[in-house]
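Asks: Annotation comment: Swiss-Prot describes 1-6, 65-102 as topological domain 'Lumenal'. Under the heading transmembrane segment, Swiss-Prot lists 7-27, 44-64, 103-123. What Swiss-Prot lists as topological domain 'Cytoplasmic' is 28-43, 124-246. The feature coiled coil is assigned by Swiss-Prot to 165-237, with similarity to another entry given as support. The feature motif 'Di-lysine motif' is assigned by Swiss-Prot to 243-246.
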């Protein structure tokens, strides 16, 4: 394997490792969000868009080169005179196998680049939704406690007005308290609606993350299968070559 394809294969192994690491269930999205917001990661992300575009361009060029090589060595029987070159068939099959291997490596690297970027985005969105969900819960609880407090004060004022024989202007106080209660109830209902909307968004984000995890696991299994086929084909190609050398 040449130097460039060794680098691409190493990059593919690193992508598979990072995807599996992001799919670990016991690491919460909040912890990943803290890691993503660290200084080192932010420094990398500041140059990440340029690096991502350059990486995509390189991988696309490598995919095109691999496709060109496959088409070059595809019709072996039409291009090789087997009578004059008995060993040329094996040579062309080896070239075709390497071109197909390079296409798989470059294609999976390109696909996992988009998958990894999308997975990081979904994890960040899920962490943000979880944080906003907790904030809305706390805000709703504080509003509910304030409403209960005003209702208790209202009851106390009513009792005090009854004891004083109706001398106090209870009517105005009741109107103000009722207005405050209505305002608090409206705020509480608004917070409940926002909390329900946030829960729906959170469930949607969790479903997307789960789908991405299943897709990444499927890609990993497919890549393992291709590695096994690669090993079998390499053994099949190396076997006749070793016999000829002997």
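Glycine is treated like the rest: Cβ placed from N, Cα and C.
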Asks: Give residue numbers and ranges for long-range contacts of the transmembrane segment (103-123): same chain, 6 or more residues beyond its ends, CB-CB under 8 A.
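Replies: Those are 5, 8-9, 11-12, 15-16, 18-19, 22, 29, 32-33, 36, 52, 55-56, 59-60, 62-63, 66-67, 70, 205, 208-209, 212-213, 215-216, 219, 223, 226, 230, in sequence order.
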Asks: For the topological domain 'Cytoplasmic' (124-246), DSSP counts of helix, strand and coil?
Replies: 116 helix, 0 strand, 7 coil
Asks: Within the topological domain 'Lumenal' (1-6), how many residues are helix, strand or coil going by DSSP?
Replies: 4 helix, 0 strand, 2 coil
